[in-house]
Amino acid sequence: MRYADPSANRDLLGNRTLLFIFICAFALVTLLQQILYGRNYIKRYFEFYEGPFEYNSTRCLELRHEILEVKVLSMVKQSELFDRWKSLQMCKWAMNISEANQFKSTLSRCCNAPAFLFTTQKNTPLGTKLKYEVDTSGIYHINQEIFRMFPKDMPYYRSQFKKCAVVGNGGILKNSRCGREINSADFVFRCNLPPISEKYTMDVGVKTDVVTVNPSIITERFHKLEKWRRPFYRVLQVYENASVLLPAFYNTRNTDVSIRVKYVLDDFESPQAVYYFHPQYLVNVSRYWLSLGVRAKRISTGLILVTAALELCEEVHLFGFWAFPMNPSGLYITHHYYDNVKPRPGFHAMPSEIFNFLHLHSRGILRVHTGTCSCC
């Protein structure tokens with residue numbers, strides 16, 4: 001019979017106790033470091049909240065820095081970006097005039113919306129051989145008939161409007177109650193004939209000054225306006241006197257159907273103006289955002305309108321711009337506020353566009369609204 005040394009059991013028990021104490025101490029130190037220094041600043045969510053913090057407070061400077069230090073979207077997990085953005089909502093937003101003016105000066109040099117957003121008789125004279133944006137080998141000869149459709153000059157000038165709202169169609173708008181705030185803007189841009197019926201007005205408003213129309217909508221929903229002219233006209237009437245904006249010279253397929261829009265409105269004696277994006281403006285805007293990391297086959301119409309608004313308006317507010325399946329609180333949302341139809345994969349770079357908007361918000365250049373509104 002072997003003799004069992006009781007001291008060996010005591011040594012083993014002692015070693016286990018020391019190991020357990022070490023693990024607990026390590027866990028406690030790690031937890032304290034996370035609370036005191038961690039990126040999420042857990043104490044923010046539990047301290048007594050007395051309302052929005054001032055824009056230039058130390059807390060808000062730190063929160064904005066947390067967004068701006070993320071140079072590319074792939075640097076952080078999506079949930080981490082959401083946490084940082086959600087924390088920043090504790091801060092009042094204010095326009096940084098020097099940052100905004102510097103950014104607008106850059107846009108003026110590269111793109112110049114007040115002179116080239118639309119084709120006009122001034123920037124596209126009679127006889128011009130106009131190059132398409134995408135079909136660069138294609139040329140459209142500006143004849144007398146088309147020339148008469150163009151306005152003599154741009155109808156808008158630099159910083160003409162004090163406060164503008166650019167309204168995207170994202171599901172983030174659903175239940176936002178932002179309609180009154182959107183309607184309170186001096187000028188409102190909307191994308192691609194979105195529904196603004198009574199069912200949606202509390203969230204998206206009704207005021208519209210410019211609405212874009214993608215020619216693919218005309219082709220698919222209105223049979224290229226070869227027969228369905230009155231239904232198309234009735235849809236446009238919803239936007240009252242809003243100007244209609246089309247990419248007629250994006251590619252050769254867009255031109256005829258875009259020109260038909262002008263004919264339809266003339267036939268029904270509509271007061272609505274019809275404008276066409278200048279293809280060189282679209283090229284310049286795409287190049288500019290490519291330099292900031294937006295790599296896509298085509299930038300979105302929303303991004304084009306935001307770019308133009310930054311030159312035409314003193315203060316720009318974005319609504320309905322969000323490119324993720326969840327809102328900042330982690331709740332799943334539909335792709336659009338009116339349906340859940342997904343976009344063609346790989347065509348736009350929406351997450352990259354939204355990421356740039358969050359940066360511009362943090363720099364005080366524009367304001368991105370992703371929560372509920374409490375206007376007026």
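Glycine too: its Cβ is placed from the backbone N, Cα and C atoms.
Residue with Swiss-Prot feature N-linked glycosylation site, selected from N15, N96: N96. For the substrate site, Swiss-Prot gives N214, P215, S216, S300, T301, G302; the one candidate out of N192, N327 that the record lists there too is N192. The disulfide partner of C178, as annotated in Swiss-Prot and taken from the candidates C24, C373, C375, is C373. With the fewest other C-beta atoms within 10 Å around its C-beta, N241 stands out among the recorded positions N192, N241, N284, S300.
Of all the disulfide-bonded residues listed (C164, C178, C313, C373), C373 has the fewest other CB atoms within 10 A of its CB.
Neighbour counts of Cβ atoms within 10 Å were compared for the recorded positions N56, N96, N214, T301, and the top value is held by T301. Listed recorded positions near H348 (active site, proton donor/acceptor): S300 (candidates N56, C164, C178, P215, S300; Cα-Cα distance within 10 Å). Across N192, N214, P215, S216, S300, T301, G302, which the record gives as binding substrate, the greatest C-alpha separation is 16 Å.
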